[in-house]
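*Asks:* I grabbed these lines from TrEMBL:
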- 1-25: signal peptide (SIGNAL)
- 360-378: transmembrane segment (TRANSMEM)
- 390-410: transmembrane segment (TRANSMEM)
- 416-435: transmembrane segment (TRANSMEM)
- 447-467: transmembrane segment (TRANSMEM)
- 487-505: transmembrane segment (TRANSMEM)
- 512-529: transmembrane segment (TRANSMEM)
- 535-551: transmembrane segment (TRANSMEM)
- 563-582: transmembrane segment (TRANSMEM)
- 620-638: transmembrane segment (TRANSMEM)
- 658-689: transmembrane segment (TRANSMEM)
Amino acid sequence: MLKKKLKIILICILSLVFLPTHAMAEGRKKIVIITINTINYNDLLADSYFKELAKNSIIGLMNSKSSGNMNEYKPYLTLGSGQKSDASFDYTESIKIDENTSSKYEEITLNRSSMGNIANLSINKLKKLNSKTLYNALPGKLGSILKSKGLKRSFLGGFFFNGSYKSPGFFVLMDEDGLIDKGEIDGIFTDNKIDQKKLFQEFINYKASSDIVLIELGDIERLYLNRSLYSEAAYNQNKNEILSNYALIVQDIINNMNFDNEKLFILTPYSADINRNSELLSPFLIYDGARERGIATSKSTRREGIVTALDFAPSVLKYFNISTESFLGYPIESIAKSDNTIFLQSLEKKVYSTSTYRSPIIKTYAAAIMITLVLYLLKNLFNIELSLSILNFMIKSILLIPFAFVMEGMIVFENIAIKGLFIISLSVVLAIIIDRIAEKTINRVKLIAFINSLCLIIDLLTGQNLLKYSIFSYDPCIGARYYGLGNEFLGVIAGCTLVLFGLSIERGKKLFRLYIPYLIFVTLITGLPNTGSNVGGFLTLFISFTIYVLLEKNISFLSSLKILSCSMLISSIIFIFANLIAEDKAHLGKMFDMINADGIIYFSNIVLRKINMSLKLIKYTIWTKVLVLLIISAIILIKKPNKAMKDLFITAPYTRNLILASSISGCVAILLNDSGIVTAAVIMLYTVFSMMLTLQTKI
């Protein structure tokens, strides 16, 4: 009896020893990543298998903007470092460590390697290259974190070009030493092309002993590099044939995955289209056996269907229950949507329309402003024969065009002429209606300022559904901003609020106290993380509004400085606290997290990047010319006023305060915003043009 009990106990002990090991092996989380470079969303959906797979996945468009001018290789390093990175074709060659190559790697890096490791011999060059950028990127950051947690990484694939095998996909999972635990590069190729059978066999072998496997399907990359040799038809035919082969590979891989504890990422780090001139967002999908279907989003973009390359590393780490606090991005989330492929096609069309038509339409608008300014000055300084009523109507229409820019965000125009016609027609019609409603010019100016301010306030409070698709707002392909209030419309809301405030309090001093809460309200919704989320905008409005109020109350300079400092300190504390406790942190809240993780160097790099961007914009943007011309016009109107202007200064001294506050506001905008030159120009536009209109009426 005792022997029987001992046998049972021994069996139980053996079960406890061996069964959990097996259970852990079966239940261990795994990720498979497949990269297919230089294709776009339409390419992916053109294949029936990928289209069906997309319908049963979480799909989205990824902004893979990296450091400096874009190329096909930077996004891979950006994915792996979690920060905008720099790389080039010369750094993409990787080797397998064996008896012949280990000494070479160790000589270059002074790091030890193991047989079977995959190594990048350019790791030191990559680190040096990225140390010169202002993004603080650390090549291999994701891989090092995975390695520190004991997770095994494998790499398969690449492409053959100019006599050697290239593998930019290696950048995604390599650690800071330029190593991945194991993998195969040249062993999966036949006739310099990926061999489906060899790749699949190696996948089965390596997946069993790995936690994360990256497969780089690089044949289309090789085709893209040789695209100049092909006609458009031949290029597309070859690309489609390769994609069909990829579909078979992906199908085999999916059939050999257990989606109870495994997940598949298919990424296109760089999206290219030989027929388009603008940068495109890259398609990606996340497949978990069709458990989740819909579209992707993240707290980085707050946009349905759009994420950034910086969100990839946090997504991988979150899946393995590893902290993501040291990364700028956020984990990718999903939104359930049954018609996800149709939604994303529509989104891609909207984004492409905004990106393509934004520059020519805005340049045309800026040119119209300058032409109107010149005509007005010629009319008033040299009394040239021009119809004053037509000129005034042009000014009103130009001031209403930003409202039309907001409204056009509701509609996707595939033709730039139709889009432009809609914008002009809406502003002209609205100008006519305002002329009918308001008899006095000053009331017309106030109505224009009120309409522009109101539409922006409503959209900010309701989720920026119009601003996100307006050509006068932000471009997701550029990736500087995805939500909140952009610097162009910051200029509109600042300029219109100043004008509305100035004209209204001058007409009724009792309204002064009523407008103070309104100014505070506008300032707060500009900066708070769930509305405008524009830190520079918050400070710009706060300083400009405070200065204007102090000027109106004739407070001494020293007292004004004290009031401004105290008010700014209190408001900044409230504003920073709101950003820190917000569930969806804005840029400021995330900046504090990154400074805490990376130190003050992160903050100094931000400052330097903003200075560089401001200087670059001042040099190249058309808004610099607009601002200069507006300043010249304001100086002429003040220093060499005609009789109407002299009367205006006497009967309405607020005009001088308005010009001064607007000028200070513009200076603050330039100092605090990386594209502040645009904000400053738009603020001055509303101030100077409103003054020109009010000259035509008796105050």
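Each Cβ is built from the backbone N, Cα and C atoms, and glycine gets one as well.
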*Asks:* Under 8 angstroms for C-beta pairs, at least 3 of them, ignoring pairs fewer than 6 apart in sequence. Is the transmembrane segment (620-638) in contact with the transmembrane segment (512-529) by that rule?
*Replies:* no
*Asks:* Please tell me whether the transmembrane segment (658-689) and the transmembrane segment (390-410) touch - that is, whether there are at least 3 C-beta pairs under 8 Å between them, with each pair 6 or more apart in sequence.
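*Replies:* Stretch pair touches.
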*Asks:* Taking 390-410, 512-529, 535-551 as candidates, which has the most Cβ pairs under 8 Å with the transmembrane segment (360-378)?
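*Replies:* Highest pair count goes to 390-410.
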